[in-house]
Each structure stands twice: as C-alpha cells, then as structure tokens.
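Just below is one structure, and these are the notes that go with it.
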Amino acid sequence: QLTPSSFLRIGQLSNVDLNEDVRELETELPRQHPNEIPHNEKLLSLKYESLDYDNSENQLFLEEERRINHTAFRTVEIKRWVICAMIGILTGLVACFIDIVVENLAGLKYRVVKGNIDKFTEKGGLSFSLLLWATLNASVVMVGSMIVAFIEPVAAGSGIPQIKCYLNGVKIPHVVRLKTLVIKVCGVILSVVGGLAVGKEGPMIHSGAVIAAGISQGRSTSLKRDFKIFEYFRRDTEKRDFVSAGAAAGVSAAFGAPVGGVLFSLEEGASFWNQFLTWRIFFASMISTFTLNSVLSVYHGNPWDLSSPGLINFGRFDNEKMGYTIQEIPIFIFMGVVGGILGALFNALNYWLTMFRIRYIHRPCLQVVEAMLVAAVTATVGFVMIYCSRDCQPIQGSTVAYPLQLFCADGEYNSMATAFFNTRVVSLFHDPPGSYNPMTLGMFTLMYFFLACWTYGLTVSAGVFIPSLLIGAAWGRLFGISLSYLTKGSIWADPGKYALMGAAAQLGGIVRMTLSLTVIMMEATGNVTYGFPIMLVLMTAKIVGDYFVEGLYDMHIQLQSVPFLHWEAPVTSHSLTAREVMSTPVTCLRRIERVGTVVDILSDTSSNHNGFPVVESNPDATQVGWVLLTRGCSWGPPKVFVERATLSVVQRRLKLKDFRDAYPRFPPIQSIHVSQDERECMIDLSEFMNPSPYTVPQVMARDPSAPQRPGGHGLCMPAWGCTLSLSRQVVGMVTRKDLARYRLGKEGLEELSLAQT
C-alpha cells in the first residue's frame, strides 16, 4: 500500500563532506599492518572499477543533443581546441619549472660536494666528504619520499602504468587529481636532486595527463572551485580524450618530440582513438614543446634562439662525420639483441624486487627508510668508484659542468666523477674519442644498472627513461671503443654513434616501445638518417626481450592486479563462449522500481559490479535496458522518487546538469538518508537508463572485443554486457574483469582468481 505522501517526494541532498565520511570510515576500521602481505601474481583485483567510455544514449542525453544546434556544436569544437592549447601551455610551463629548479638545486649541491672534496683532498679525511654527500642525498630523498608515501602514494614512480590503465578504461583512485600533480612535481625535483638513478622525463607524462584532466573539467574538486566552464566535457569519454592529449604533451615537453608524443599516446597510452583526436593531440604537443622552448630560451639569455625544445637534449649529429655504412647493419642488430637481453634482465630483477616490496615493505615509514637507504648507497657507490678511478682527462676543450680534480694532475679532471655528477646523456654521445677509459665505462654501466633497477619502484616520483639511456649509452660507447680498437681506428667506428644505438637498445629492451621511441630518438637527435638503424635496434630489442619477460610497464600493471585489456584477446581464448566467462547470478531491476530495492542493491558490498540490467517482460519478448548505478550513487544528486500511477502529478525532472555538477565524485550511498516512507516510493529508471545495451547470446564464441575494434580495444561493451538465453532472458553478465582474468601464460591459457586485494 502506498500512502498519499509517497506519490511525489523530491528532496534536495544536503551538502555532504565526502572527506569527512572517508575519515569516519577510516577511524571505524583502524589500519592493520601485517608483517607480510600475501601477494599472488595469479590474482585479479576487484577493487578497480571501470570508467564508462560509452555514451549512454538515454532520454536525458538524447534530449540535450536534440536541443544543441549547429552553432552550439561549432562552439563545442572550438572549446576542444582551446583546451588542447591550454594543456600544451601549462604542461610546457610545468616542465620549465621542474627543469629550472632541478638545475639550480642540483648545481648548488654539486658545488658544495665538489668544494668539500677539493678541500679534504689536500688535508686528508675524505670520509667526511663521503658522509656529507650521503647525508645530503638521503635528506633530500627523505622529504621527496615522505610526501609521496604519506600524502599521495599514487604519485610514486613515473605514472605511465597508471595513465595506461586510465586510458584503458580502469578507474585508478586519485590518479588525475591536482594534489597528485603537486606531489608529483615536488617529488620528482627532490628525487633528481637527491642523486637517485632516476630521470625527470617520465613523470612529465603523468603531469600532462593530470593537467589535461583538470583543465577539461573547468573546475578543481581538490580546491572545491567550479569555474562553470567546459561543463559539456564532464564525462568519462571526453575526459579520456583530453588525458590522451596531456600524455602526448608531456612526452613532447620531455623530449622535444611532438610527433613522438602523438605516437606514444597512440602506441603506449590510448586504448580508444579516432582521426579527429590525432590532429588535436598533435596541436597540444606542438604548443607544449614551443612553450618550453620559448621560456627556457629566455631563461638562458637567448630569447631569439629557440634551441631548447625538450628537457633532454641529445645534441646534433653530423651526417658527414657520423654516417653509417651497410656493413654496420648486422652490428646494430647485434646491439639490439644485447639491449633486449639486458632489458629482460633488468625487468626480471625489478619484478622480484617489486614482489618483495609488496609483501614486506608496505608501511609508509619502511618505504621512506628504503628510499633513504638507496640514496645513501648510491652516493657511497659513486664516491668509492670516483675514489678508486684513475681515469684523468684534460679539462681544456671539455664541456664538463663540474670538473672534479681529486687525485688527478693540475689541468685534468676525474672522468668517473663526470659520469656520476653529470647525468646528461649528451656527453656520452658527443665527447671526442678518448674522453672515457673503457674500464670507467664498464664499471659505470655495471653499477648504474643495478642502482637503477633497485631505484625503480621506490616510493618516490621518478622515471626510468634517463637511467636506461645512460646505461645504454655507456655500454654502447664501450662497444664503439672496442670496435674501433678491433678495426684499427676505422673512421666509421665512432663511439658516439654506438652510444646512441646502445641507448636506444637499452631503453627499448626495458619499456618495449618501438614506433614512438624511434620517432622520439629521431626528433631528439634532429637527424632522420639514423631512423632505419634505430628502428632495427628497437625491433630487435623488443623481440628478444618479449621472449623472456614482459615490458616494465605491463609487468607493473600485472603486479598491481589491474584488469587491463590488451589489444587482442589471448590467441587460445577464441573457443571460449560467453556462458563460460559470464558472471552469474545477475541482479536485475524493473523499469519502475522501488527505492528501497535500489538502495539495498547499492548498499550490498558483496556485489562486484555497478551496472544492472533493466528488464521489462512483455508477452512477445523481454526488453532489456541498462543502468549504471555506482556505489557512488550516480542516479542523481537530488533524491527524485515518484509514483507514476498518478500522471497528473507535476514533477521536477532530472537533467544531465545534475549529473555533471556531481561528476566525478558522486556521493556514496551511505551519505544519503532514505526514510522508511521514501523506501516505499517508486523510481522510474527509463530516463537515465541506456535503452540499447550490448547484448550477446550465451553461446557466442568469437573474440568479444571485435565489435569495438575499429574505435580501439576493450570489451564489446565499455565495462559490461548482458548475456541472453535463446528466449532473450538475461542469464549472465560479462564485465571487464571477466575477460581480463584470462591471459596467456607459459603453459597456455590461464584463469586468474578474483580477489579484493
């Protein structure tokens, strides 16, 4: 029986401080830190939800689209271009800020250390210099690690695996928040200044993605400021496209490679792509590198000389001096094999190290201590190698920023100190033959390889690009020196050329990028001539590396148990039918449903999905719709309950603006009080349900990603799909996790277990 008061209830949701709710839940459930967290690589986490990368063509959406005329659509398109320009400008400015601050702080630290070493070289007592260097490094890294571990853990690492997951359609908490950007920028500055074997280029991709996500929404949820602009773009589909542009702008700012940025976003990042997106992303990338170039040129006192296109500079390679011949092609392929093997070794060691960290070093305080330990050990190893090295080179004619004399004669500097003090790869490419002793390069390669492997995965903001390039350039130059010695100093055996190929081979062997990395290296060197050998090296490194282990980013995605969907389904999975992979039983809703039923379903923590089929049985057939009712309660910020038996009742209808105002942080169902009377009201789901969901017969056995293939990869549905029996009854549901739990292992097709890890 329905009371008269239940015919119409429209109540506004009171302002809810979601942060307070989260804090209350945390105090109710105190954290328990076991000594060991049992972690199994054969698990798939249930804590990750899918982003809705499919426009739900419900009544509200279609009504708004009908109201928008041609002029309004043109305005929306212009806004897209304006946003891309703003993404490029801000990403370039952030890159400038990082570069200038790192240059000044690192310069100050190296001057202090160099002065101290020079002082104690004469007096004796160099152990004080070692202590000073290790203490400085550990102190700076401690601050950088603490802000990441205690304030925003998602800012750790380069952020590329997280952005790959986001663009793939997986919701990673806090990944594109303003607070994450601030911690990322401060963290990467402190990590590089702290002397860790890291680079500042990788995190630029994450930084660009966060900037894009914030600008495209026209507001900041962290600052609780809504500028009431770009409201049309407040949905997952539009936000995803801008994040792709931000990631490309980050690559462009880091390497001065706008085309490489677009290709990186296509190859490594975006899971969904279209032709219109390509041109906008290229525009954002070009604006980004131009902004960085302009600002840094003014900063360096050459406002009209745009000679700083990216954070990293490979220098200019002269075609006449450093060309290559046909007989060098097999040598380049051999270097690719070496790069693939070394990259696979790096990834395998880092895999076991990351497993150890997940199991034992999971407390923030332990993570900070480990980061400080690595910083101190890095300084100690560097100092000992400099102390033991007798590789002295003349200062005259060299471009070393901080030449350290130590035990060398007057007018000479220690070459090993240059390798550790100066983390610019350009010196290994362009220093004349004889600038480095082979023993120096060999020891540096060996030590830096293990230091970089230990460092990647620490709770600090840092990238792996620069360490990989340094390691590769060092062993590549060593290879070139050896080749020159064997060929009696032939003019074609230039060490700088082989340093470039070694850098490409090492980086390709670790991250397994091919197309984008080829173009990035070509743009960074400003030389198209090396395009073919670089491509050969990268292809070989990828083929050899993939034979042993996965790429570094894919490996870390797998270790985090993320339901990531690759371009293709596993080759042996085509015989699986929908009946075998679907989730059962299915919770279905009626088109007009009781509010109490909806609230109970959303409050049920045992449910593993947030989308529900809406069914309405007719004598002829069952009609199926789809509604996304997240535990964040996206069915509307206002409570709108209506009993539609009395059609004469005038009601306030929901609008898309109600959803956009609450996006992306919808209030949790626990924060909405529903009285007993309201539980008896009825809610009509037809306005915001998708009337044409993806449905497949339960005997379907072909590749489920096929319907989505032209526009990208993923499921045949963004995060869900219904499985129908022959009588069109809903008998199951296929979600992202149902497909992601099948993967190709060493012994064939493996099925992962689902767990709340």
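First residue shown is number 1, and so on along the chain.
Placed from the backbone N, Cα and C atoms, the Cβ positions cover glycine too.
The transmembrane segment annotation in TrEMBL covers 81-102 (among others).
According to TrEMBL, the feature transmembrane segment maps to 130-151 (among others).
Under the heading transmembrane segment, TrEMBL lists 181-198 (among others).
Long-range Cβ contacts of the transmembrane segment (242-264) within its own chain (Cβ-Cβ under 8 Å, at least 6 residues beyond either end) map to 83-84, 87-88, 91-92, 94-95, 163, 166-167, 176, 200-202, 204-213, 215-216, 233, 270, 273, 277-278, 280-282, 284-289, 291-293, 308-313, 465, 513, 515-517, 519-520, 522-524. Feature annotation from TrEMBL assigns transmembrane segment to 242-264 (among others).
Cβ atoms under 8 Å from those of the transmembrane segment (276-299) belong to residues 80-81, 84-85, 87-89, 91-93, 95-96, 99-100, 208, 212, 241, 244-246, 248-253, 256-259, 261-262, 265-266, 270, 305-311 of the same chain, restricted to positions at least 6 beyond its ends. The annotation transmembrane segment is assigned in TrEMBL to 276-299 (among others).
Within its own chain, the transmembrane segment (331-353) is flanked in space by residues 324, 449-450, 452-454, 456-457, 471-472, 475-476, 479, 483, 498, 501-502, 504-510, 512, 533, 536-545, 547-552, 555, 559, which lie at least six positions past its ends and keep a Cβ under 8 Å from the stretch. Under the heading transmembrane segment, TrEMBL lists 331-353 (among others).
If you look up TrEMBL, you'll see 368-388 (among others) marked as transmembrane segment. Away from its own ends, the transmembrane segment (368-388) comes close to residues 126, 129-130, 133-138, 140-142, 144-146, 149, 194-197, 357, 361, 404, 406, 414, 416-417, 420, 443-444, 447, 451, 454-455, 458-460 of its chain (Cβ-Cβ under 8 Å, at least six residues beyond either end).
The transmembrane segment annotation in TrEMBL covers 439-458 (among others). Within the chain carrying the transmembrane segment (439-458), a Cβ under 8 angstroms from the stretch's Cβ atoms is held by residues 145, 156-157, 196-198, 342, 346, 349-350, 353-354, 357, 367, 370-371, 374, 377-378, 381, 385, 389, 391, 415-416, 419-420, 464, 467-468, 470-471, 474-475, 477-478, 481, 552, 556, all 6 or more beyond its ends.
Under the heading transmembrane segment, TrEMBL lists 464-486 (among others). Using a Cβ-Cβ cut-off under 8 Å and counting only residues 6 or more beyond its ends in the same chain, the transmembrane segment (464-486) has close neighbours at 158, 197-202, 254, 312, 331, 335, 338-339, 342, 419, 423, 425, 428-429, 433, 436, 438, 441-442, 444-445, 448-449, 451-452, 455-456, 493-507, 510-511, 552.
With a cut-off of 8 Å between Cβ atoms, the residues of this chain six or more beyond the transmembrane segment (498-522) that come close are 251, 255, 257, 259-260, 263-264, 266-268, 314, 317, 332, 335-336, 338-344, 346-347, 425, 428-429, 464-465, 468-477, 479-480, 483, 528, 530-531, 533-535, 537-542, 544-546, 550-554. Positions annotated as transmembrane segment by TrEMBL: 498-522 (among others).
For 528-549 (among others), the entry in TrEMBL reads transmembrane segment.
Long-range Cβ contacts of the transmembrane segment (181-198) within its own chain (Cβ-Cβ under 8 Å, at least 6 residues beyond either end) map to 94, 97-98, 101-102, 105-106, 109, 133, 136-138, 140-141, 143-145, 147-148, 151-152, 155-156, 159, 206-207, 210-211, 214, 374-375, 378-379, 382, 423, 448, 451-452, 454-456, 458, 460-464, 466-467.
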